[in-house]
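> Below is one structure. I have some questions about it.
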Amino acid sequence: MAFNISNWSIKNPIPTILISLVMALMGYIAFLGLGIDRSPNIDIPAVIITVNQPGAGPEELETQVTKKVEDAVAALGNIDQITSTINEGSSTTTVNFILGTNSDRATNDVRNAIAQIRQDLPQDTNDPIVQRLEFAGGAVMNYTISSPKRSIAELSDLVDRQIGRALTGVPGVARVDRVGGVDREVRVDLDPGRLIAYGITATAVNDQIRSFNINLPGGRSEIAGSEQTVRTLGSAETIEDLRNYQISLPNGDSVPLSNLGTVSDSSSDPRQMALLDGQPVVGFSILRGTGSTLVTVETAVRQEIENLKKKLPEDIKFQLIFTRADSIRASYESLLSDLLIGCMMTVITVGLFLGNWRATIITGLALPLSIFPTFWVMQSLNYTLNGMTLLALALALGNLVDDAVCMVEDIDQHLAMGKKPLQAAFDASKEIGLAVLASAAAIIAVFLPVAFMGGVPGQFFQPFGVTVAVSTLFSSLIAVTVTPMLSAYILQPKKLKTGDNNPSSRPRFRPYKSLLTWALRHRILTLLAALAFFIGSLQLVPLIPKGLFSSGDTGLSTISLELPPGATLNDTVAVANQVNSLLQKNTAVANVLAIPGDSGRVNTGLIYVNLVPKEQRSLTQRQFEEQTRRDFQKIPGARVSFRAQGGAGSTKDVAIILKSENGDILTQTAQKLDREMRALPGFVEVSSGVSLVKPEIIIQPDPVRAADQGVSVRAIARTASLALIGDNEFNLAKFNLADRQIPIRVKIANDGRSEIETLQNLRVPSSNGTLVPLNSVATISLGSGPAEIQRFNRQRQVNIGANLEGVSLGSAVTQIRALPTMKNLPPEVTEEPFGDARIMRDIFARFLGALSLAIISIYGILVLLYNNFLYPLAILTSLPLSIGGTLIALLITQKELGLYALIGIVLLMGLVTKNAILLVDFALSGIEAGKPQFQAMIDSGVSRLRPIIMTSVSTIAGMLPIALALGADGEIRAPMAIAVIGGFTTSTLLTLVVVPVIFTYIDSFYYWLRGLFVKQKPKSI
C-alpha cells in the first residue's frame, strides 16, 4: 500500500501538498492551544478519610478509630493500598484504588462503608470526613500578605474571607490553604479557683452557654389574618451581653459569666506561624485541581491577585514567595530551544552529507510536516506540552528525518545512474518503501508497549510513547508521499559518470568495503569479537551509578524542622529563627519563609528557601544544600534537614519501610537500622519515625473509687478535655456576627493549665449531683507515647530515611540491604523500598517487561513484512550491539543509569533496528536479483553505508543540545541523550560489520532448510 501511495503522490502533487499543509496548519493551531505543565496529568483514584477526636493520643486513635476504618474499607474491591497517619487528635486514612477505577463510585463505596461503622467509633469523635482526592501535587504557588497597620488576626481574617474566596473561584484552583495566622473566636477563660468556690464545673458552664446562646426557628403562625414566621432569638448580640449571661449554680443561685472568668473577643491558641525573613506574616498556598494545567492555573491566579490588589486597601502588601510555574516555563523553553537547535543541526548535517541544497530543503521539510500534525493528535488526546511529550519529540528528532534521508539518498543514487528525477523517484520509492515501512513499524513497536506498560509508570509514560509513535507514523507517511513527490519535481538530473554506477567502485567506500570483506572472510573471529565486546560491556554495569533521576536546580530548597515531642510552638519558632539567621548570611539566598507548626504539630516546621537566579550565584542548589547542611549541625536540640526534591512520598533521598503488627519489635528493629545507617559513608540526616516519643499526662480512673462516688469514666474524660482544650469543634456554641458565626470556646485560663495541680483539683460531676476532685477518682501520672503512628496496608510501619552526599540511589539501597539488621530481620518484620527507591524498582521492572514485549513485537512485525521467520533474527542481533556504547558513555560521563537513561535505551531499540533493516532489505533484494550471497552483502553494505552514516550522524547531532545540558533542567535530561549517542555510535559501527556476518549464516541456514524440502543449491560465499 505504501508503494501505491508514493506513486499516487508523485502523480498528484497538488493534493499531496494541500493535504500536508492542512495537516501542518491544524497542528500549529493545536500547538498554540496546548497547555504547559511539568509532567503528564496522572489521575490516581484515591479517597481520604479524616476522623478527628480532639485530645486523643495516637495509640488511642489507632485502636478505637483507625483500625476500624481500615477494616471497613479493606473489603472493597480494586484497592491498591491503604495508608494511615495518626497524630494527636487526628486520624487520616488514604485509600488508593487501582488505576482505572471510577473515582466517584469509589468515593461512594468508601462513604457507605464508613457510615456502617460510625456507631462503633467513640461518641466524642467528629463525624468522619470522606472526600475524593481533588488536588494534584503540592502547592502551585505560595504568597504572603503583610501590613504595617493590621494585626495577624486581621490579616488572617482577610485571607479566610476575601482572598481565599476570590481565589477558589479561579478555574482549576481546588483549594486555598492559609499558612500561619490565627482563627478568631470568643474565649471564655475560666478561673479554676472561682469554679471551685461557686461549686460548678467547666463542663456545666459550657453546656449552659450552648443551651441558651442559640437562635432557633419556631414555625409559623397566623396573626391578624396573615402568616408570620416565629423565631426564638437567644444568641448574644455583643460580648458584653455574653459577659452578663447568668450561669445557674448547683445551689439554685446564679452569677454572671464574667464572675467565673474573663470573656473576650480574641483568637485561638496559635498552632502554626509564618515568618518571612524572621518577620510574622500570614501566607496562603494554592492547590490546583486534578486535570488542570499548572501554568494555566498559575497565570489565572496571578491575574486574580492583581485584581485583588486594586480592591483591597493600599497597606496590604502581597509577596510571591515561590511558584512552580517559573521552573516549568524555564524547562519548557529549554526543551523547545533544544528541539529547535537539534532540528537545525540535523538539517545542517544532512546538507553536508548530500552536498545538494535542494535535497537538504526536501529533507528539512520532513521535520515540521511530521511534528506539527503530532500536536493535533496530542490535543485530541488531551495531552499537554510537558517534560515527557517535549522529550518525546526531542528524542524522535533524528528519527523523523531518517526516513526522508533514506528516501532522498536513494533517489540521489538513482539520479547518479542517469535517470530523470521523476523516474528516480518512482524507482527509489519502490526500492526503499518496504524498509521505510519496516523501520516505522519497529519504532512504533518499541514505544507502544512503553506507553501501555500499566501502573503509575504506564500513565506517566503513555503520552511519551504515544507521541513518539504518532510522530514516527507521520514521518513515514511524509517520507513515502511528500518526499518522493518533491524530489521528482525539485531535484535536478545528474550526468552519468563512467564507472560511477556501482558504489563499490567509489574510492571513499573502499576502506569499509575492505573491512566488510575481511569480516565476511573471518566470520567466526568477527562474531567472537562482537560477543566479547557485549559481555565485556556488561561488566561495566556495577561501576555505573544508578538512581531515578537527578533532582535538577529548581532554586527552591525545603528544610524540615523537628524538635523533641513536648516542645512548644515558641521553641520551634526559636529554632526557625536560628536557621533563618544562618541562611541570611549566604548570598545565594533570596528570601526565607519559615512555617513553625507545620501540619498542626507544634514541634515541627517547614522552611522554604528561595535562592537567587542560577546566573547570580556561584553554587548549584545541591552544593548550597551540602554546604549549609554542615551549619545546621551546630543547632542543638533539633533535627534540621533538607527535604529531597520531588521525592515520591518520602522527604529523604533514600528511605526504607519496615512493617509489623508487633509495635515493640518494629520499634527495636527500626532503631537498630537507624544506628547502622548513620555509620554508612555518604548517608547524612538519617532519621526514623520511632526515635522520638511524646510526653503525656495519663489519667487512670480508679474503678472502685469512681463507682463508690458515682463517677463515670466518660465524665472524667470530658471534664479533663473540656477544661484543657475546650469542647469539640462541632459542639462549640457560636457567636453571631453580621455575616458569619465565630465559636465560643470555654476552658480553663492558660495560667491555670500550666500546673498539674490544677488538673488534679478539677471537679468531676457525680451521678448524685455532687462534685468530686479528679484526683479522688483517678490517678494522674506522667508517661510517654508515640508522637505519630504510620500504617501501611493495616500494619504499623516505620520509615527510616537519609539524604545522600556522593552516593547514588542504587548504591545506597544496596548498602542498606547489606546491613546486619536488614539481613536478619525478625520474622514479624517485613521491609520494602519507599519513595524514589520504590519507584525505581517498579520502573526498572516495568521497563524490562516493556522492552521484552517490544522485541517480540518487532520480530513479529518483521516476520509479517518479510514473510520469513529467519531473516528478522539478523536484524534483531543489532539490539545488543548498542548496549556497550550506552554503558561506556554513561561510565565516562558518570551519569546515572536511571529513568532518563532507560528512555534513551528504549529509543535505541528502535533506531538501531532501522540500520539493520536497511542492510538486510537491500541484501535480500540483491539475492532475489540473482547475486551470490557474498556479493549481495558487499553491495548492500557499501550502498547503504552513506544513508546509515547520515541517519546516525543526524540523530547524534539532534541529541547534542540535550547532552550538553545547557538549559533549565538540562542535567536531568542529559543521561538520556548521552545513552543514545553512546549506544548509537557503537551500534552503527558494529551493525555495518556484524549484521552482514550474521545474515550470511542465517541465509545459508535458510537455504539449507529449504533444500530439505526443495532441491535448490544455495548461493554460497
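Including glycine, each Cβ sits where the backbone N, Cα and C put it.
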> Which of these ranges is annotated transmembrane segment in TrEMBL: 516-536, 705-725, 873-893?
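Based on what TrEMBL states, transmembrane segment spans 873-893.
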> Relative to the transmembrane segment (976-1009), which of 12-36, 335-354, 464-491, 899-924, 945-964 accounts for the most Cβ pairs at distances under 8 Å?
899-924
> Where, among 335-354, 899-924, 945-964, do we find the most CB pairs under 8 A to the transmembrane segment (432-452)?
899-924
> What residues elsewhere in the chain lie close to the transmembrane segment (945-964), defined as a C-beta under 8 angstroms and at least 6 residues from its ends?
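For the transmembrane segment (945-964), the list is 337-338, 341-343, 345-346, 348-350, 353-354, 394, 397-399, 401-402, 405-406, 409-410, 503, 509, 512, 911, 914-915, 918-919, 970, 973-974, 976-978, 980-981, 984-985, 988, 991-992.
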> Excluding the flanking five residues on each side, which residues at least 6 beyond the ends of the transmembrane segment (464-491) place their CB within less than 8 Å of a CB in that stretch?
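Same-chain contacts beyond the ends: 2-3, 5-6, 9-10, 13, 16-17, 20, 23, 40, 356, 358-359, 361-363, 365-366, 369-371, 373-374, 377-378, 381, 383, 388-389, 391-393, 395-396, 399-404, 406-408, 411-412, 415, 421-422, 424-426, 428-429, 433, 436-437, 439-440, 443-444, 447-452, 903, 907.
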